[in-house]
Amino acid sequence: MVKPKYSRVLIKLSGEALAGEKGVGIDIPTVQTIAQEIKEVHDSGIEIALVIGGGNLWRGEPASKAGMDRVQADYTGMLGTVMNALVMADALQHAGVDTRVQTAIAMQQVAEPYIRGRALRHLQKGRIVIFAAGVGSPYFSTDTTSALRAAEIEADAILMAKNGVDGVYNDDPRKNADAIKFNELTHMEVLKRGLKIMDSTASSLSMDNDIDLVVFNLNESGNIKRVIFGEQIGTTVTSRISDSE
């Protein structure tokens, strides 16, 4: 049996991933499909945590630019991530995977508060944990949430599951047919090149805590499992210097 490359991962999903072809809102069949992909990996014995963005329901930055108070806009976005987390948790439960939602803002009626020790215990017991409501403070992205929670739970890697994007390029491949895809980068290279994989805070956190980052196409069935079992798909960002350097 092939040994997995990673035994504990944090999967970062964009909110748009839950919207399907609609692009906005939540498409339940799409969520159920993603849940089945995650279940297949979970059934291989991998410990899994999730962070889901809220962009399918709310965008804080344009609301702020339109005149809304930035702090209030960000808190609204955090609530959007909770909605997405609850929907995904329900889909995973129906797929037969014991799942817990933990929020950085207290809302005991719908989710557990984020407690690191409890999250670790859930993972050790084979439960999936979904971290929602960001870090509980405005001005921090769900990318930063992913890097912070991955460090706290000592994840081996953050899997950046993208919609239709199969890795990191030196230019936008949709606009430049000659754009070059990177198979591997270091965190420092990402920061120096200004590649917009995550925001700089999240990239620095990942680098400082030696957490691999894998960017891959979520829309191709089986890709989550392929990444975890070490197949070369997408782009892997590590703290180590590439052999080609």
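Glycine is no exception: its Cβ is also placed from the backbone N, Cα and C atoms.
What Swiss-Prot annotates here:
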type    : residues                                                                     : note
BINDING : Lys12, Leu13, Ser14, Gly15, Gly55, Arg59, Asn163, Tyr169, Asp172             : ATP binding site
BINDING : Gly54, Asp74, Val135, Gly136, Ser137, Pro138, Tyr139, Phe140, Ser141, Thr142 : UMP binding site
REGION  : 20-25                                                                        : region 'Involved in allosteric activation by GTP'
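Residues 56-57 of the same chain lie 6+ residues outside the region 'Involved in allosteric activation by GTP' (20-25) yet bring a C-beta within less than 8 angstroms of a C-beta in it. Taking the Cα atom of each, Asn163 (ATP binding site) and Gly54 (UMP binding site) are about 14 angstrom apart. Largest Cα to Cα distance within the recorded ATP binders Lys12, Leu13, Ser14, Gly15, Gly55, Arg59, Asn163, Tyr169, Asp172: about 25 Å as a whole number. All protein chains shown were included, and the count of other CB atoms within 10 Å of the CB of Val135 (UMP binding site) stands at 18. Within 8 Å of the Cβ centroid of the UMP site, not counting the listed residues Gly54, Asp74, Val135, Gly136, Ser137, Pro138, Tyr139, Phe140, Ser141, Thr142, the chain contributes Gly77, Met78, Gly134, Thr144, Thr145. The two recorded residues Ser141 (UMP binding site) and Gly55 (ATP binding site) have their Cα atoms spaced 11 Å from each other.
Within 10 Å (C-alpha to C-alpha) of Ser14 (ATP binding site) lie the following binding-site residues from Gly54, Val135, Ser137, Tyr139: Gly54. Applying an 8 A CB threshold to same-chain residues 6+ apart, the list for Tyr139 (UMP binding site) reads Arg70, Asp74. Looking at the region 'Involved in allosteric activation by GTP' (20-25) alone, the prediction's average pLDDT is 91.
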